[in-house]
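If you check TrEMBL, you get these features:
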SIGNAL    1-28  signal peptide
ACT_SITE  S71  active site, acyl-ester intermediate
BINDING   K239  substrate binding site
DOMAIN    289-379  domain 'Peptidase S11 D-Ala-D-Ala carboxypeptidase A C-terminal'
Amino acid sequence: MKLAKKYNIIITLIICLSLIGTSLSSFAFAIEEDVLKEGFDIDAKSAILIDSKTGEVLYEKNTHEKLPPASITKIMLLLLTMEALESNKIKLDDKVVVSSNASKMGGSQVFLEEGETQTVEELITAISLRSANDASVALAEHLSGSIELFVKQMNEKAKKIGMKNTNFKNTTGLPDKDHYSTAYDISIMSKELLKYPKIHEWLSTWMGEIKVGKKKDITQSLVNTNNLIRFYQGANGIKTGYTGEAGYCLSASAKKGNLTLISVVLGSSTSKTRFNETKKLLDYGFATYDSIDISRKGEVVKVLPVSKGKEKEVKVIVKDNLSILTKKGENKKVEKTMDIPEYINAPMVKNQKVGELIIKIDGKEVGRSNLVLSDNVEKASFVNMLRDNFGKLTGY
């Protein structure tokens, strides 16, 4: 890539967040007093609360302790499924033939029969609402040909996204001494899944149904195992889990205004406890923090001169959304630093990186996004360059 000498442009903003006379007691959701105190405890073996955009940790308890994740495992299955859909490796209306292996799965299921067919979309529905093990195996086999190969891909993906204390042995989360994860790793995995907005079509659905059997003559009614979808304002995901070994687990997401939070609770003693503790975490997060958009994807931040190009200039845009997290009522000095060239040399292509947008709060870097070209920049022909140079010399 041909770039001229770079320079920095610093823009300083002052962001002042206040409740504008709104007391915490007037929020639509109830917030217990102890939730608003630093150091409050969560009744679970492990727990974490993060901002879904920045990944910033807002609460943590034994976040790196290796524990059985139960059916929360299926978040990785859904993540790899969404990736396959986006890359057109599979389609929602693909027909999946249920194998003998899938039909024999125990635990939570929709009672699929060997040889029956279901679409990818129907299997995603069964997994998202019922946490169906048989549907999970059928979908994994469709994606990779075998469970063994799919589990290998699960572990490869886990390593790629930074899940350093996770090892998968199956697609369902059924007990295995070598199948484990952590609250922190699960929050990373959950954050990755939420990058696919379409997944909420399933995760945020409260009730549905699926027709099963070779003749599709049996209707299975489905109710989302995540009670927060119905009973917590803004809840939009993600996945429950339970085994005797794992206890009651939940990775949950909720959105209020511009802020989306992810909460993970592992090893609760009862189902009611996991939901109550999750609500406590979410209430704390929404009462305490705000998410502020600093730059939006596609935003034009500069127009650069082009040397030796057909066009004389090209727009530079932000590649990805960039947000910051701040506590309500705080004043923050935010610096936006653009590290970009004075001009570019043709040829270059659309979306080619030419610099970075760096965000600092009170001098500490909190995020960055690539700056890219809005359009292709073609090189001018020799005749055009000669004409341009002649024009510069003569003033024409």
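Keep in mind that glycine also has a Cβ here, set from the backbone N, Cα and C atoms.
A TrEMBL annotation is a machine prediction, not a hand-curated record.
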When you measure from the Cβ of K239 (substrate binding site), which residues in the chain that are at least 6 apart have a Cβ under 8 Å away? S71, I72, K74, I75, L78, S128, S131, S190, L203, N226, L250, S251
Please report the DSSP secondary structure of K239 (substrate binding site), reduced to three states. strand
Just to be sure I understand, if DSSP states are collapsed into helix, strand and coil, how many residues of the domain 'Peptidase S11 D-Ala-D-Ala carboxypeptidase A C-terminal' (289-379) fall in each? 0 helix, 63 strand, 28 coil
Tell me, how many other CB atoms lie within 10 A of the CB of S71 (active site, acyl-ester intermediate), whichever protein chain they belong to? 26
